[in-house]
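Annotated in TrEMBL:
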type	residues	note
ACT_SITE	294	active site
BINDING	109, 111, 136, 275	Zn(2+) binding site
DOMAIN	5-153	domain 'Phosphomannose isomerase type I catalytic'
DOMAIN	169-256	domain 'Phosphomannose isomerase type I helical insertion'
């Protein structure tokens, strides 16, 4: 008998933008998942990686299984993925599931589509390590803020009129072209937007640093006098400038939507969608790839030319960036986040306190289950023994296997399950 359902011990990434110590949801989950782990109070806990990515392959916590990591186990038992998934994704788990705890902004970035990814990887393998696309979806665990997609043109035009430092960087010709572009000509709007954003991102370093310093000084003075700085997006500007002084990314707030998610709300980031996470905790799922084209709010390699070429310049209101969850027809406790890509789907499972026995049903895909709150004992014909589940527990579930949860918590359970529904 070989177990096909087993607990995982997952890799933490301590990137500098992460929340520190037990402020971090990642740290809290890790600490409750494994009481032996010591959380360092001054260390950032940015990401928890639940999957088989070579730079963060989860350890198997079942000493009856000879393989040490999930990646090794899947390589030896590819049928666990499910027949369709195994064939479609060459025997690899197609997604990486994560928890993120964001304290300071992540870089302004976009991920290439498959075609561009293949090209970038062939030309610059040191910066673009693989040939895959990298769609992503984030679901808020705490109130979460990010920037995503281009704002409606009237909002950008309003900033061009209220923020002379921005207008100086973009130049009068490009600014007027955007102001004159009409909503009846979407291609003209996108072309004008592309010119404006490219002018901004390619502006001379000394020039934009001077303009940024002038802008920060002006907003700081206005704020000190008690004036309303919202016409210049003042609060966010000062916050990002304090995190990344002198960074061109500070100006992107005038082009990109600010999206605020309440717990359970999601945003989906397709190929070529500019975005940056700003603050909060979320679960995130993505296709297995490390391809990121960056342009600002980062000390890392930035590739402005590629970014400005590839972006989707379709303006849309921030409300359109919130991705809806659909309640499952089969089980009212399950909410499905099923994006327009084949690589991944997430289920949010909310089990009310009134239910004492709940079945995590079998599906034709391997899945990874994360417990956010509640406690239960899990039993499965495919598990070696009973599994104690509590906040921070992570389980790998092979395709076509199910788990019975015997709930023991007075306030129900909240779980997220990542899978691939082909």
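Glycine residues also receive a Cβ, built from the backbone N, Cα and C atoms like all the rest.
Broken down by DSSP into helix, strand and coil, the domain 'Phosphomannose isomerase type I catalytic' (5-153) contains 40 helix, 43 strand, 66 coil.
For the binding-site residues 109, 111, 136, a Cα-Cα cutoff of 10 angstroms around residue 294 (active site) retains 109, 111. Within the same chain, the residues at least 6 positions away from residue 136 (Zn(2+) binding site) whose Cβ sits under 8 Å from its Cβ are 111, 268, 269, 284, 285, 286, 287, listed in sequence order. Neighbour counts of Cβ atoms within 10 Å were compared for the recorded positions 111, 275, 294, and the top value is held by 111. When Cβ atoms from all protein chains are considered, those within 10 Å of residue 109 (Zn(2+) binding site) total 25, not counting its own. Same-chain neighbours of the Zn(2+) site beyond 109, 111, 136, 275, judged by a C-beta within 8 angstroms of the site's C-beta center, are, in sequence order, 110, 134, 269, 273, 274, 292.
Sorting the domain 'Phosphomannose isomerase type I helical insertion' (169-256) by DSSP state (H, G, I as helix; E, B as strand; all else coil) yields 67 helix, 1 strand, 20 coil.
Per-residue pLDDT, averaged across the domain 'Phosphomannose isomerase type I helical insertion' (169-256), gives 97.
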